[in-house]
Amino acid sequence: MFYDTAKIYVKAGDGGNGCVSFRREKYVPNGGPDGGDGGRGGSVILVGDEGLNTLLDFRYKRHYKAPRGEHGKGSNRHGKAGENLYIRVPVGTVVKDEATGEILADITEHGQEVVVARGGRGGRGNAHFASPTHQAPKFAELGEPGEERWLLLELKLLADVGLVGYPNAGKSTLISRVSAARPKIADYPFTTLTPNLGVVEVGEGQSFVMADIPGLIEGAHAGVGLGHQFLRHVERTRVLLMVLDMSGFEGRDPVDDFEVLLKELKLYNEQLLTKPLVIAANKMDTANAQENLEKLKQHIAGKYEIYPISALTGEGLKPLIYRLWEIISTLPRESLEVKPQKVIKEQPEEGFVVEKVDGIFVVKGKKIERLVAMTNLDNEEAVDRLQRTFTRMGLEEQLKRAGVKPGDLVRIGKFEFYFVDETEGLEEE
């Protein structure tokens, strides 16, 4: 079964907690703090794999979590970093943030790695917080939480030649004739509901990839007949091979079919018409085929190359395949990379902003959110340090400028506090 979309949840590992420890050694009564740092959490990394051609695996497993870093230990021993979690995806996968719809990455090469969730920083041990005025700190930092998000994966096939045409035009028969692909073939429309890939051997060491795109109908550019899902794959092909039914079956007119297909490609993405386009006039073994072929040639008037074929009998396939190979050989290997957009707006490392949202004063800033997340709010010394840091950063002043009053809720990251007053500052909810 072919799956070309998937939704998965990724969670990077939290950083390990810093350690609270004091040196204990014979004849050294005041050894001082020696708590080590926690290790960094593992990141979640997507890796392009040319051996995969479907997102089927993500139908059965949707949640992925990297291990956290180890906690720090006494004697200044640091925790081990968590191992990164590597998830293999097909080449041609576009990765989007589910919450924003923005593009994180476009995986276009085998072995390409993309970090989609970064592991949290390890917390610092109490040895870091010793000073001449505070020689025995009894607190350490917690590990920073790892990033987490839902991702939308969208597979766009990477193929040299893409077959486009109406349902039942003979595309599946064609690809089964020229490659080892074995798509479902039957005498009714929409037999092919998922793309099929086949490798076409031209000569010794020479081959190209052909994609059988499910049939298009009028209105496909607007999503009619699952058109958006099918046309998405055409974008990644280097050459378009339009397969037209010359038999005139059920009153079909190859000239009309040609014009409708051309229009659908243009309306979906005008850039598709800049690709080389070759026409395969199929089913030339039928009664009215030659007459319809002459009409098509007159209509096109040499604008596109036409190759009369019969996918059923194999007639005319060899010249068509060699011509496709000639065209492919002259085309440069274009970069198919989609320019990633910023998934999260860059926040200043030092600064922060205060916004009032639904009656709650929300503080946003990379450093201040990390500071709160890595503070052990059950430890009085750690909370005192947090309060002093807030004062140095000017948090209370900014909250007052935003209109905060005693008793109002203040949210920083995932934590909420009650604003008390100028002297007491913030009190955890």
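Positions of Cβ are set from backbone N, Cα and C atoms, glycine also.
Fair warning: this is a prediction, and the values are worked out from it, not measured in the lab.
Database features (Swiss-Prot):
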BINDING   165-172, 190-194, 212-215, 282-285, 310-312  GTP binding site
BINDING   SER172, THR192  Mg(2+) binding site
DOMAIN    1-158  domain 'Obg'
DOMAIN    159-329  domain 'OBG-type G'
DOMAIN    344-421  domain 'OCT'
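Taking the features listed in Swiss-Prot, we show where each one sits on the structure.
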residue: GLY165; record: GTP binding site; DSSP class: coil
residue: LYS171; record: GTP binding site; DSSP class: helix
residue: PRO214; record: GTP binding site; DSSP class: coil
residue: LYS283; record: GTP binding site; DSSP class: coil
residue: SER310; record: GTP binding site; DSSP class: strand
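Shown for the domain 'OCT' (344-421): DSSP residue counts in helix, strand and coil, namely 29 helix, 21 strand, 28 coil. Residue with the densest Cβ environment among the binding-site residues LYS171, LYS283: LYS171, by other Cβ atoms within 10 Å. Counted within 10 Å of its Cβ, the other Cβ atoms near PRO214 (GTP binding site) come to 26, all protein chains included. Per-residue pLDDT, averaged across the domain 'OBG-type G' (159-329), gives 81.
Between the candidate binding-site residues, ASN168, SER172, SER310, the densest Cβ environment within 10 Å is the one around SER172.
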